[in-house]
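As structure tokens, the structure follows; a few thoughts come after it.
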Amino acid sequence: MPSQQKKIIFCMAGVLSFLCALGVVTAVGTPLWVKATILCKTGALLVNASGKELDKFMGEMQYGLFHGEGVRQCGLGARPFRFSFFPDLVQAIPVSIHINIILFSMILVVLTMVGTAFFMYNAFGKPFETLHGPLGLYLVSFISGSCGCLVMILFASEVKVHRLSEKIANFKEGTYAYRTQNENYTTSFWVVFICFFVHFLNGLLIRLAGFQFPFTKSKETETTNVASDLMY
């Protein structure tokens, strides 16, 4: 492939990586990962509410990795509330999973910025054949994509398996018990998903630029060596 086309492809991949890094940084700091609807189970059972009557006992919340806000309703009007995961909810949430989500998000940002630098260096500089060259591009794209995948899996498990929304809704609520009615992943979660997809796309762009996948190259070399041994 002509060098000019390679420059265009690498520049495109570098710009996509840079936009991903900015997107993930913004996503980590915003409370737009999950939007949930919560039902005041205690109040609804006391009055035997059904149908439209349940609307008086429906609240909602939205939250991210660090903080969130919502409204509780238990038949006596709306009660707005705000919360922070650290230090407010440390005793109520699976802390190890939550910290790992934040950690992998930070690693994702750092590696995505490294990938941006590598792509631009390959477009305009004279890369080495090892770390700064195609091997480094494939490696950074693969690890970054893996981090993005881990962030989504860990966060989904925290929300669904560990019932994060219910734990938040019932935090410091001694009288009323709340149950999650509906949960939807919102903007920030899908930004991480797009970033994961972009790293997969970058791998295809590297291949489109004319560089073989690392494992394919090693297999071809191994086949050649075996053939040479048989000849001699």
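Cβ atoms are placed via backbone N, Cα and C, with glycine included.
If you check Swiss-Prot, you get these features:
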- N48: N-linked glycosylation site (CARBOHYD)
- N184: N-linked glycosylation site (CARBOHYD)
- 8-28: transmembrane segment (TRANSMEM)
- 101-121: transmembrane segment (TRANSMEM)
- 135-155: transmembrane segment (TRANSMEM)
- 186-206: transmembrane segment (TRANSMEM)
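Stretch with the most C-beta contacts under 8 angstroms to the transmembrane segment (101-121), considering only 8-28, 135-155, 186-206: 8-28. N48 (N-linked glycosylation site) falls outside any helix or strand according to DSSP and counts as coil. Distance noted between the C-alpha atoms of N184 (N-linked glycosylation site) and N48 (N-linked glycosylation site) is 27 Å.
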